[in-house]
Structure formats: C-alpha cells, structure tokens
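Database features (TrEMBL):
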| type | residues | note |
| --- | --- | --- |
| ACT_SITE | ASN9 | active site |
| ACT_SITE | ASP198 | active site |
| COMPBIAS | 296-306 | compositional bias 'Basic and acidic residues' |
| COMPBIAS | 316-325 | compositional bias 'Low complexity' |
| DOMAIN | 1-111 | domain 'HotDog ACOT-type' |
| DOMAIN | 167-281 | domain 'HotDog ACOT-type' |
| REGION | 294-325 | region 'Disordered' |
Amino acid sequence: RIMRPDDANIAGNVHGGTILKMIEEAGAIISTRHCNSQAGEPCVAALARVERTDFLSPMCIGEVANVSAEITYTSRHSVEVQVNVMSENILTGAKKVTNKATLWYVPLSLKNVNKVLEVPPIQYERKEQEDEGKKRYEEQKLDRLETKQRNGDVILPVINPEPHTVGYSQSSLIHLVGPSDCTLLGFVHGGVTMKLMDEVAGIVAARHCKTNIVTASVDAINFHEKIKKGCVITVSGRMTFTSNKSMEIEVFVDADPFVDEPRERYRAVSAFFTYVSLSKEGKPLPVPQLLTETEDEKRRFEEGKGRYLQTKAKRQAQMQQAAQQ
C-alpha cells in the first residue's frame, strides 16, 4: 500500500511501528491461511515471537510498501514466516529492501482459544532446509523460556530525575484494548502491540537525546501471554544502554484485566528496541552517554553492551562473508 502522511513520524519518514504492523499482518495472513489449508478445526494464527528485525533503510511518505511473506518451517504446533519489505518510488521506479523479519505463529482454535492445534507440514525442497529450520525453532524456544524467567522487572517513576539518567527518559503509555485492536478471537493483534511499543521506545529515545530519532532495529519480541479485549495495557520503556551513535531501550507490556476478570496484572510482551539520533539532514549524531545510578542500571547497561558488541561482530562477519563472495 502507499504510505500516507498519517503514517509519518516526526522526522517525516514512515513510522517504524507502522512497518512492524504491516509485517505482522502479512505473517498472520499467510500462517492462518496455511493452518486452515487442510480439513479440520478452524483456527486463527497468533503471534508468539518476532526475531531480531533490522530497519535497513528509511521508507518515505508517498512510496509504496510491498510486503511479501513465505512459510519457511513448520513444527507440530508452530509456523515460521519470513517477511520482506520493499519500498518503491512510483515516480522513478526505484526499489529498495527496507526490512527483513522472521516471525513465529501458533494456531488457536476458534472454538476454544486456549487450544493449540496441529500445523499442516510443508514440503521442503532439500533436507537441509528442514534441519536448519528445526535448529532455529529450538533456539527461539530456548530464548523465549530464558526471557520469561527474567521478566519480573517493573519500571517505577523517579522524582526530579537528572538529564540523561534512566529515570529522566523512561516513559509509559496506557491503552484500553478495544474491538478494532483485536483478532477474530478477541485478542490483540501482535502488530497493534508492536506499534505501541515502538511509540513508547521512540519517546524514550527522543527524551534522552532531544533530536530526531529513528528505529534502527528491534531485538527479539516475545509474546508471553495473550491480551484480551477489555484489558488495560501499560506499555513501559526505559533506556538500558548507549553507544556513541545508538540507544537500546527495553520495553514491557503489562496487561490488567478490566472487565469481568478476577485475574491480576501480568507481563504479556517484552523486547529491546535500538534507535539512532539524526540531524535535520538525516545524518547520524552522537548520542549522550547514559548515566547509570543504581546497581541494577549498571548491570542492565553491561548486558546491553554485550548485546551491542555481539550484534556488531555478527554484522562485521556478514560483511566480510559478502565481500568474499
């Protein structure tokens, strides 16, 4: 679809959350279609996880976004979907890849939303494709478990925080889940949640550096539990790490059942977003160093630094491999 002015961020490019939402919609369509391709109980595919997603180049208002999705692996109860996003300048015909993403879905019965159905298998061209897919499946399964175990953190308000501290830029957004946010099963679309998360992360980044900011990448997004229509969700973000030119922001989504639900608040989604600071000309700017005050903030900073260095090393290895080819 064509990118309209209401898709823009304050810098004038397409909002990162809008692109994430389009990616999830494409994944939901293809995985739901596949899971209903054989006779059996009707179902809707629910988003369980999004692997790391890099924003390779900005998309501009007036360009056409082409989103394509392909199923690359199926386990007994989950579907792996690869999604590519390409922008097209319809005046010049120029095209460029802006995003690549990997998403995992599980099929939920329309009759019983707590029942996970079996996934029809796909045919692989080579045995190696199935083996590689199984390896990715096991890795994401382990990572989801580890993330859930460390998900007890909460973000508390800070009185009179100093500039460039964690408390100074941390932000929260409260949203009542309505029918337009939900799937046929009455649970929030994964894309809606990701867009809200990107908005909060963007506010944190802008508060920290006071400049134009854009989403550079999103680390794995884990959907731990479903969010039902009528819940009040609190999307909270805080700065965890800064390098010279990037900021890592941790984002939580907590759901508070609001209508006819005795259940207490629970952690539904978590992820790390990376932003960069840009000048008015769109060139990268130095990022103010994050000032850590507590032991927990220092620990999270070191953990973020480890993720940053790991990603940097992986990117350099990919560039060297591409150069050799």
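Heads up, the Cβ atoms here are built off N, Cα and C, so glycines get one too.
Unlike curated entries, TrEMBL annotations are predicted automatically.
Taking DSSP states H, G and I as helix and E and B as strand, the compositional bias 'Low complexity' (316-325) has 9 helix, 0 strand, 1 coil. Along the domain 'HotDog ACOT-type' (1-111), the predicted structure has mean pLDDT 94.
ASP198 (active site) sits 11 Å from ASN9 (active site), counting Cα to Cα. Secondary structure by DSSP for the compositional bias 'Basic and acidic residues' (296-306): 11 helix, 0 strand, 0 coil.
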